Amino acid sequence: MPRNKDIHKVLVIGSGPIIIGQAAEFDYAGTQACRSLKEEGMEVVLLNSNPATIMTDKDIADKVYIEPLTVEVVEQLILKEKPDSVLPTLGGQAGLNLAMELEEKGFLKEHNVRLIGTTAETIKKAEDRQEFKDTMEKIGEPVAASKVVTTVEDGVAFTRTIGYPVVLRPAYTLGGSGGGIANNEYELREILENGLRLSRVGEVLVERCIAGWKEIEYEVMRDSAGNCITVCNMENIDPVGVHTGDSIVVAPSQTLGDKEYQMLRTSALNIITELGITGGCNVQYALHPESFEYCVIEVNPRVSRSSALASKATGYPIAKVAAKIALGYTLDEIPNAITGKTYASFEPMLDYCVVKIPRLPFDKFITAKRTLTTQMKATGEVMSICHNFEGALMKAIRSLEQHVDSLMSYDFTGLDEDELIDELAVVDDRRIWKIAEAIRRDISKEYIHRITKIDRWFIDKIAILVEMEQALRTQPLTEELLLEAKRMEFPDYVIADLCGRTEADIKALRQGYKITAAYKMVDTCAAEFAAATPYYYSVYGGPDTENEAVATHDKKKVLVLGSGPIRIGQGIEFDFCSVHCTWAFKKEGYETIIVNNNPETVSTDFDIADKLYFEPLTPEDVENIVNIEKPDGAVVQFGGQTAIKLTEALMKMGVKILGTSAEDVDAAEDRELFDEILEKCQIPRPKGHTVFTAEEAKKAANELGYPVLVRPSYVLGGQGMRIAVSDEDVEEYIGIINQIAQEHPILVDKYLMGKEIEVDAVCDGEDILIPGIMEHIERAGIHSGDSISVYPAQTISQNAKNTIAEYTRRLAQALHVIGMINIQFIVCGEEVYVIEVNPRSSRTVPYISKVTGIPIVPLATKVILGYKLKDMGYEPGLQPEAKHIAIKMPVFSFEKIRGADISLGPEMKSTGECLGIAENFNEALYKAFIGAGIKLPKYKNMIITVKDEDHEEVVPIARRFEALGYRIYATRGTAKVLKENGIKAIRTNKLEQPAPNLMDLILGHKIDVVIDTPPQGVEHQKDGFVIRRNAIETGVNVLTSLDTAEALVTSLENTDLHNLTLIDIATIASR
Amino acid sequence: MKAFLILEDGHVFKGTSIGSTREVISEIVFNTSMTGYLEVMTDPSYAGQAVCMTYPLIGNYGICYEDQESRKPWIDGFIVRELSRIPSNFRSVDTIQHFLEKHDIPGIAGIDTRALTKILREKGTMNGMITVNENYNLDEIIPRLKAYTTGKVVEKVTCREKDVLKGNGPKVALMDFGAKRNIARSLNERGCQVTIYPALTPAEEILADNPDGIMLSNGPGDPKECTTIIEEIRKLYESDVPIFAICLGHQLMALATGGDTHKMKYGHRGGNHPVKDLATGRVYISSQNHGYVVDSDILEQKGIAKPAFVNVNDGTNEGMAYIGKNIFTVQFHPEACPGPQDSSYLFDRFMEMMGGTDHAEK
């Protein structure tokens, strides 16, 4: 069936800010889909509130709206742009929910807009718990005994009939928000109450617990003619009970025979057919490990994280094909872009093994519970490919960038056997390391299997790796043993540690034996057909192994290093930068090579660079690629810390670093060198010292005067950074820092109160270009990534702006920056201090590029290639300010991470961001809050409990909330101050006081917002912590900074939800 | 122990011996299925061939005898990247290592199976030798490899005696050219009484049993070598009994009615081949195992049959519908095992041709 000729203009809805459960995979899917639609001549209108995405680029869509994802906005947008179709299945759950609301309201019908990709009826059948269950029963597909309940009592009564434990799944939530397993009535009541509140429709599914069964997924495609195929199946190493996003996953399934494989495949095809899905779909199964019994767990009638993984694991571009199907094409009409010979109507065959490991944020949330449940907690993931499972697992482990490189990286040797066995039963992110330790202690594999329910096959594979560790420790390192260790992807330095040699020894030995990595191609068809797309992974297969990656040298060649897994502090922004850098090099006639390991991203799509190496980003892995490709240079300034960290290793390999030199990057990070430069440039910075011990730190702090900022050098996203107010604080912080990174010195700085300002600039060695100055709403002390950022800066003087531009110029020149530089300043009155300089691309680059219309990354890339800013038509210096205000709002995923402290500070905690753009400040701010999901007012009740120092400052804010009609509850001290100032505050009891107290208010579900400023220092503010956690877990907004509170009240005072002005970002041109 | 795979073009792969240490010469083919190694080994169509599995991890779920597609494995040799150290599946009763040894099948592990596949793809299927003799002499071996032919393998794999699977529905005569068990099972599950006949059974004998339908099975080798069988099939064609044929059966029917077949460069072996039903336009993913293909043009020009299925990837013929006859034949395997079950509806179609499931009551 050819394309539907009635479709001309398509509205694509993106997924909004990156949160846990909805991450970069939707940028990948959306970008691929938009490109696929444009290929077909469609006019594409894009809506997504996330400015860090590639899909919101004007070269991806024709009209780009970075606006809040609300029903009102979509309605307005449809009225304005008049698309004939909406494609909602590429924007994750957020996009799907929006489309459903519009459909249910009859708005789409009324305005002659059709849903393409999948009908509303289909979405409802798949997403609505009861309809789904009925549909499955109709076609004889088993589901676990379950009931949809709308009240807690109902749930308790039903559970009595099926018995504990039960799984709870709220309807219409993503990443399993609010779900969990209840083992008794107490847990059931707790989880159910929360789940009912989080569900969009107030429904929770109570289900027979099938924890411990194998969890298997199928990715299925279907077209409008009814043709169906499966792209891939995947097996979770963690049995049912852990969200698939938090599980270690292997593709294809390893422990299923053909009978089981085909049984579930046929079931998946029956389901997609019955649901009538046109496009991609994910079906999750629980398979009984000792029989053919299975249950359908869930169907996602859209592209998902799993489909992104399946696309990268097989080479089959699911989102691209789904977009073509939405336009009416059938699978046999869509060519397979990888082979160029076959069509989309085939099933990929793998001749390798793929392992995905989630990237969990417990390094950021040290107080959080590490246990994994049906509620997803991972912020990102890594994938690896190898021709054996052991190697794929080892590669994935070292791709995590979590200080892990083998199964020895977490130390459980301190546990006695009973403790270790207890630990095995705890399902957390370190489980495979515990299993390895158990095997080292000779705990039987059968016993480990019985405790963990992990299939014996995987446990045996872990045992094989442990046996190799032991062999390397005890046996002579023969050629055979070394080859076998490399086949399992033991890094050279791990081998060296185990045999008591040096890494250089091992490398030399390997070279002597000619044990080198060979590269194989991902071609969708297990080599049955010749493939045209160079997408590679490495293997060590011995001297006869064919290397398929052939170096070409007809063009100049550049290596672009990606940014690895998405984690707090290093998000999708760096993928945006890597991709734009790659495109810019391509335009300049370069051959481009990307190395990355993140399956969710655009950069690892096979048609972004000329060659894609899906590999860990470690010196050894990169060197293997360098040895074959011999690039003319490498770019590290766009791939975040991941790429920067490889600089030194690349130089040792003889690879030229393009742009700012490594010495200058070092100079910016090295305190003493940097101080010299500042002095030379006559730029002030807060006073500070470099120390190595707690004693030195205390001495420095007392000399500077408290409060001080303590942090390790070489950090990412403020990891390990704290504000200390006393000697005790300093001591505790240094202890924590030393656990994380011991090699680098610790910085102690005077903490300055002032406006925090951020600037990204491009420098060509002579001139600089500053697209704009961003101002943070929260004062210094809150990590820049967690601050609300306003462009253009609103409250600082022109004089200060000039100083900032001048300091930026001096610094860029002194550091010999060629390319990007990011600088953070503190402005106190007219005084400007530099607090941090990063001679590389930053988190704010996509945002500032979009709102100023200046293509910063392409400019920086051209500068790296020797172009001058002046020659490219740019007047150097600070660019004129735009006429609109653009506000970047951080978005958090606190409700997903039980036990995490949500108070903001110098350590970054947000997972994503959204944009509010408007012609005036208040509207922009309002849009930004709405985009971040803070949609107020609802009940007009609030709680204020602030530390003593904030009493004075909170009064005007409280007064403004009161004027908006808010009823204010406050704890004793705060209430007293408010009353003294004529504000009607209702005093309420603290936690330890009798009910009704604060907690009852919060659990009463009638509170819009809590303003709670925690006192600084570590003295455990248990009360505040418990209040904040409970508020977050009951869906109440919590603000821990008065600046944020003031911004919120300002936005509420000045806005009207139905009268937002929508701005097409694509029309913003640089001046 | 070391083992070597020597190809007739002179390529030598060095690996580890698995299964029997016996030396074997065979035609080397590759299969891209990711599961179903036991079904592959026991599919009689692989008689005379050594199979290379492109999926690198083989043996993970062990051996479950009830999954055998015939009474024993027929492959000459087995070529894999890696055999699993332990099997893990609730039905597994044996390991693949032991299974190979028990049936005296030689094999080789630890070689670059992808490189081998690429050679076969580029140069076409060729003969090879698996040996554990380190002192092999290429000058002596290569002429032998080139001279090797598989010979009449159908006669080797077919059953010796008639066998009956009881059922209350239509009576089906299944011609066993090397039939996979799931063909008889698929018919039997639909109620058919299935009588399995040795390949060389004369047509008269079959027709004398008054079957409601005839099923021509899959099988190994070059269809043109089956001269006697072709003559008998011609007689079956002349009868008015509905006929459904799979794979070799499909090729033999084409030859019996004046058509032609030819050897493909490297065949179709795997579980992911898209075939289009030309009557409906629908595409199905099919299980395939064939090295020869029917030239559909000749039969079409003669007005004897028209193409019913075509391969979406390479446009080769995948099935014929015989004009004026109650006969249709397919190149792929609707009985699956291993592979997708998407085209099992063809057995239902055959049931309808025979008058449906309520036949017995008629």
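Note: Cβ is positioned from N, Cα and C throughout, glycine not excepted.
These figures come from a predicted structure and were not determined experimentally.
The number of other CB atoms found within 10 A of the CB of B:Cys247 (active site, nucleophile), across every protein chain shown, is 31. The annotation active site, nucleophile is assigned in TrEMBL to B:Cys247.
DSSP assigns B:His333 (active site) to a strand. All protein chains shown were included, and the count of other CB atoms within 10 Å of the CB of B:His333 (active site) stands at 28. As annotated by TrEMBL, active site applies to B:His333 (among others).
Among the features that TrEMBL reports, active site is placed at B:Glu335 (among others). Within 10 Å of the Cβ of B:Glu335 (active site) there are 26 other Cβ atoms, across all protein chains.
The feature L-glutamine binding site is assigned by TrEMBL to B:Ser45, B:Gly219, B:Gly221, B:Leu248, B:Gln251, B:Asn289, B:Gly291, B:Tyr292. In sequence order, B:Val29, B:Thr125, B:Lys263, B:Met264, B:Tyr266, B:Gly267 make up the list of same-chain residues 6 or more apart from B:Gly291 (L-glutamine binding site) whose Cβ falls under 8 Å from its Cβ.
The annotation domain 'Carbamoyl-phosphate synthase small subunit N-terminal' is assigned in TrEMBL to B:1-131.
A mean pLDDT of 96 is what the model gives for the region 'CPSase' (B:1-170). The feature region 'CPSase' is assigned by TrEMBL to B:1-170.
Cβ-based neighbour count (10 Å, all protein chains) for B:Gly219 (L-glutamine binding site) stands at 29.
Cα-Cα distances to B:Gly219 (L-glutamine binding site) place B:Cys247 within 10 Å, out of the active-site residues B:Cys247, B:His333, B:Glu335. Secondary structure from DSSP puts B:Leu248 (L-glutamine binding site) in a helix.
Contacts of B:Gly221 (L-glutamine binding site) defined by a Cβ separation under 8 A and a same-chain sequence distance of 6+ are given as B:Ala47, B:Gly48, B:Thr150, B:Gly151, B:Lys152, B:Val153, B:Val154, B:Leu248, in order along the sequence. Distance from the CA of B:His333 (active site) to the CA of B:Tyr292 (L-glutamine binding site) is 14 Å. In this view, the densest Cβ surroundings among the binding-site residues B:Gln251, B:Tyr292 belong to B:Gln251, judged by other Cβ atoms lying within 10 Å.
Geometry remark: B:His333 (active site) versus B:Gln251 (L-glutamine binding site), CA distance 13 Å. Between the alpha carbons (Cα) of B:Ser45 (L-glutamine binding site) and B:Glu335 (active site) lies a span of roughly 14 Å. Distance from the CA of B:Glu335 (active site) to the CA of B:Gln251 (L-glutamine binding site) is 17 Å. Distance from the CA of B:Cys247 (active site, nucleophile) to the CA of B:Asn289 (L-glutamine binding site) is 8 Å.
You'll find the Cα of B:Cys247 (active site, nucleophile) roughly 11 Å from the Cα of B:Glu335 (active site). Listed in chain order, the residues near the L-glutamine site other than B:Ser45, B:Gly219, B:Gly221, B:Leu248, B:Gln251, B:Asn289, B:Gly291, B:Tyr292 are B:Asn218, B:Pro220, B:Asp222, B:Pro223, B:Cys247, B:His290, each with its Cβ within 8 Å of the site Cβ centroid. Around the Cβ of B:Leu248 (L-glutamine binding site), 31 further Cβ atoms fall within 10 Å across all displayed protein chains. In the three-state DSSP scheme, B:Gly221 (L-glutamine binding site) falls into the coil class.
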